[in-house]
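J.: The structure is given below, and queries will be raised subsequently.
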Amino acid sequence: MVSTYRVAVLGARGVGKSAIVRQFLYNEFSEVCVPTTTRRLYLPAVVMNGHVHDLQILDFPPISAFPVNTLQEWADACCRGLRSVHAYILVYDICCFDSFEYVKTIRQQILETRVIGTSETPIIIVGNKRDLQRGRVIPRWNVSHLVRKTWKCGYVECSAKYNWHILLLFSELLKSVGCARCKHVHAALRFQGALRRNRCAIM
């Protein structure tokens with residue numbers, strides 16, 4: 001049986017969210033930053049641990065605020081489909097404090113607009129541009145502790161440029177969505193050693 005998951009990728013301008021998606025899908029990276037101005041949809045099929053998953057990856061341009069209801073969601077073409085996804089990937093640049101503040105704001109708005117009684121939608125926070133480690137503005141431990149312990153979200157650092165931890169990110173994404181859909185499976189994420197335990201490939 002093939003599972004279909006819709007995933008929204010959000011982040012401030014220039015954080016490399018589109019670069020992450022393209023590195024995952026096409027194994028390519030461009031040094032030229034082309035701002036995302038419209039919503040982009042990618043439809044890859046992914047095999048993980050022998051199971052096929054159809055992904056609908058929605059790459060959104062930066063939004064000023066998360067839509068509070070369906071009416072607001074469909075009034076803005078850039079936000080359509082944002083409230084009905086199975087998981088959110090929120091990307092920030094580890095060298096840009098403002099981009100982390102953006103992620104913090106969007107995450108809070110997602111929680112505030114969530115329909116009461118619905119199942120919790122997984123959120124994974126992603127720190128991109130790990131290859132620019134020397135320019136980091138917030139210590140990794142501080143961010144990791146806040147995201148995992150306080151926010152109860154998954155956390156991954158990656159480098160879209162060097163394809164570092166990109167596969168790990170989407171492997172954990174599939175695991176988190178699967179956990180959210182199966183109540184008998186413990187939903188806590190375990191990122192260390194994930195690639196040794198799971199096999200993930202794109203068709």
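Keep in mind that glycine also has a Cβ here, set from the backbone N, Cα and C atoms.
Worth saying up front: this structure is predicted, and the values here are computed from it rather than measured.
Summarising the annotation, Swiss-Prot assigns region 'Small GTPase-like' to 1-203. Annotated GTP binding site per Swiss-Prot: 11-18, 59-62, 128-131, in sequence order. Residues or ranges marked as motif 'Effector region' by Swiss-Prot: 33-42. Per Swiss-Prot, the feature cysteine methyl ester maps to C200. Taken from Swiss-Prot, the feature S-geranylgeranyl cysteine applies to C200.
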J.: Could you pull out which residues elsewhere in the chain have a CB under 8 Å from any CB of the motif 'Effector region' (33-42), counting only those six or more residues past its ends?
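T.: Apart from its flanks, the motif 'Effector region' (33-42) reaches 13-14, 17-18, 21, 25, 55-62, 77-81.
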J.: Mean pLDDT, the region 'Small GTPase-like' (1-203)?
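T.: So the average pLDDT across the region 'Small GTPase-like' (1-203) works out to 88.
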J.: So how many other Cβ atoms are close to R130 (GTP binding site), meaning within 10 Å of its Cβ?
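T.: Cβ-Cβ neighbours of R130 (GTP binding site) within 10 Å number 19.
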J.: 10 Å Cβ neighbour count around G11 (GTP binding site)?
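T.: For G11 (GTP binding site), the count of other Cβ atoms within 10 Å is 27.
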J.: Of the residues in the motif 'Effector region' (33-42), how many are helix, strand and coil by DSSP?
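T.: DSSP classes over the motif 'Effector region' (33-42) add up to 0 helix, 3 strand, 7 coil.
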J.: Quick one: among the binding-site residues R13, K17, which has the most Cβ atoms sitting within 10 Å of its own Cβ?
T.: K17
J.: Based on Cβ atoms within 10 Å, give me the single least packed residue among the binding-site residues V15, P61, N128.
T.: P61
J.: Identify, in sequence order, the residues in the chain of D59 (GTP binding site) that are 6 or more apart from it along the sequence and have a CB within less than 8 Å of its CB; answer 'none' if there are none.
T.: V9, K17, S18, V21, T36, R39, R40, L41, Y42
J.: May I ask you to report the DSSP-based helix, strand or coil state of P61 (GTP binding site)?
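T.: In three-state terms, P61 (GTP binding site) counts as coil.
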